[in-house]
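Among the features that TrEMBL reports, domain 'FAD/NAD(P)-binding' is placed at 5-314. Residues annotated as disulfide bond in TrEMBL: C42-C47. The FAD binding site annotation in TrEMBL covers K51, D298. The NAD(+) binding site annotation in TrEMBL covers G172, G173, G174, Y175, V176, A177, F178, E179, G258. What TrEMBL lists as domain 'Pyridine nucleotide-disulphide oxidoreductase dimerisation' is 334-440.
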Amino acid sequence: MVEKYDTVVIGAGPAGTAAASSLKAQGQKVAIVEEDLWGGTCPNRGCDPKKILYAAVEAKEKADLLAGQGLNTQNSINWADLMANKRDYTKQISPGTHDSLANNGIETINGHAHFVDPHTLKVGQQTIEAQNVIIATGLRPRILDIKGKEFLQTSTDFLDLDEMPESITILGGGYVAFELAGIASSAGAKVTLIHHNNRPLKAFPENLVQTLCDQLSKNGVETVLDKEITEVQEDNASYRVIGNDFDKKTDKVFAAVGRIANVDQLGLDQIGVDYSSKGVKVNEHLQSDVSHIYAVGDSAASPVLKLTPVAGYEANYVVGQILGDHAEIEYPYIPTIIFSLPKLAQVGVTVNRAQEDTERYEVKTVPMEDWITYKRQHEKQPLVQLVIDQKNDQVVGAACLSMEADEMINYLTLLIKHGYSAEDVSQTPFAYPTIASDIQYLY
Ligand SMILES: Cc1cc2nc3c(=O)[nH]c(=O)nc-3n(C[C@H](O)[C@H](O)[C@H](O)COP(=O)(O)OP(=O)(O)OC[C@H]3O[C@@H](n4cnc5c(N)ncnc54)[C@H](O)[C@@H]3O)c2cc1C
Ligand SMILES: NC(=O)c1ccc[n+]([C@@H]2O[C@H](COP(=O)([O-])OP(=O)(O)OC[C@H]3O[C@@H](n4cnc5c(N)ncnc54)[C@H](O)[C@@H]3O)[C@@H](O)[C@H]2O)c1
């Protein structure tokens, strides 16, 4: 028998679960299909497990800065314990997510979904029909097409390593590369990060990225720029990473060279839905070429960062569309953080953009080393860059590099979103001395 639904959601990550839950709460008959772990990338093999490992790393690094300043420190990361702690957390995610969806009356289907026609999907032997379909199938790591690619591991492998090797090599220079480099180096590995051109983290301000690389080098991370790797060879129990004028022995090699959309196995060609490795092509309503088929989160080729809060935002937007709203999607300013050592964050109009339009924007660089927050933590080279719109003297963007950049960027996001002026900020008392009260020094 073919079961009929108002909406079928493909993929149970942050985007898919948010959409399914909201539609169900609005009275729709909803099914959600998941082929792997319920909850998707973020809680199983992304943000959350990464942040559990990072919690120990952050505590160690902050304690190390206070060595000889009143804190006796003999800290080191116990990787086995830390991994057990992470696995304790992640093991309950998939069953917990599944049960919570099912308990809310959403039909949960295990397996790989693909279209047989625009309203019909197959999952194994099961056929289901839907008035609307939401594609929320996420991304998977891109594997470099080089000789020896079978020896490359991914962020998923890293976040589940039984042991931290003595040395690791990371190919790439984006979010994943810099986050893994921070964690591995703090856990005692000698890290080599190899980027194919001279501009890793190219969406972030160049001087902050350079300072981040300098800080990481103190932790044993060597950043190699402008080096194309062409081969990985097995060498006893380890590997050789080989490129032009480059040959390095290492215990493990991770590829962190971007992610590609899980949309190539959905049967989209047969139903006339265009897609690329960036995801399903969508319009300003997040509709694909077939109007009742939407794409949200990482698997939508929408012009925004691929992050968990964006997945939730797009899911809620599409719920509104299915229930009868017609407005085009408008994205708010989206803060983003690289949890490296230290953290690098930005929001709003970027410094890169401001430097292309110096008539309109001014970039103000503020070293924070002498502020009480960083004095008490003995943190070196904390920096903020503010982007100021010279038309109205408003702060419209910011980038921060420090161990407190995560908190600071969220405060700045609120102030920028609501257009706070220097006067507004100076007249708002914040508890002192905190990261929030530091904002008053910035405005
Ligand atoms: C290492 C790492 C760290 C990250 N850290 C952060 C962070 O700190 N902060 C942040 O905001 N973002 C972070 N992200 C990004 C974040 O994880 C994603 O933006 C988020 O998970 C996207 O949610 P989604 O629902 O669109 O996709 P996903 O979470 O990827 O979920 C998609 C789901 O669809 C399933 N699926 C795919 N194809 C099919 C099919 N045909 N049939 C059935 N099911 C299918 C998949 O198995 C998966 O479960 C990180 C990502 C990685 C890899
Ligand atoms: N903290 C967070 O929010 C967080 C953390 C991890 C991942 N993510 C999400 O996951 C996405 C994927 O992360 P990612 O780091 O894999 O991709 P990315 O797109 O951020 O970075 C990939 C990097 O690899 C480089 N690269 C490409 N080919 C290469 C090669 N042959 N050799 C060396 N370097 C090469 C690119 O120039 C780029 O700098 C992110 O864009 C982000 O959306 C977010």
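Every residue gets a Cβ built from N, Cα and C, even glycine.
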What's the longest C-alpha separation between any two of G172, G173, G174, Y175, V176, A177, F178, E179, G258, the listed NAD(+)-binding residues, in angstrom? 13
Name the one residue among C42, C47, K51, D298 whose Cα is closest in three-dimensional space to that of G258 (NAD(+) binding site); these are the recorded positions. D298
G172 (NAD(+) binding site) and C47 (disulfide bond), compared by Cα position, are separated in whole Å by 18
Going through the recorded positions C42, G174, V176, D298 in sequence order, which have a CB under 6 Å from an atom of ligand 2? G174, V176
Can you check which residue among the recorded positions C47, V176 has the largest number of Cβ atoms within 10 Å of its own? V176
Shell of the NAD(+) site beyond G172, G173, G174, Y175, V176, A177, F178, E179, G258, same chain only (C-beta within 8 angstroms of their C-beta centre): I170, L180, P200, L201, A256, V257
For D298 (FAD binding site), the one of C42, C47, G174, V176, F178 that lies nearest, given that the recorded positions are compared by Cα: C42
With DSSP as the reference, give the number of residues of the domain 'Pyridine nucleotide-disulphide oxidoreductase dimerisation' (334-440) in helix, strand and coil. 36 helix, 32 strand, 39 coil
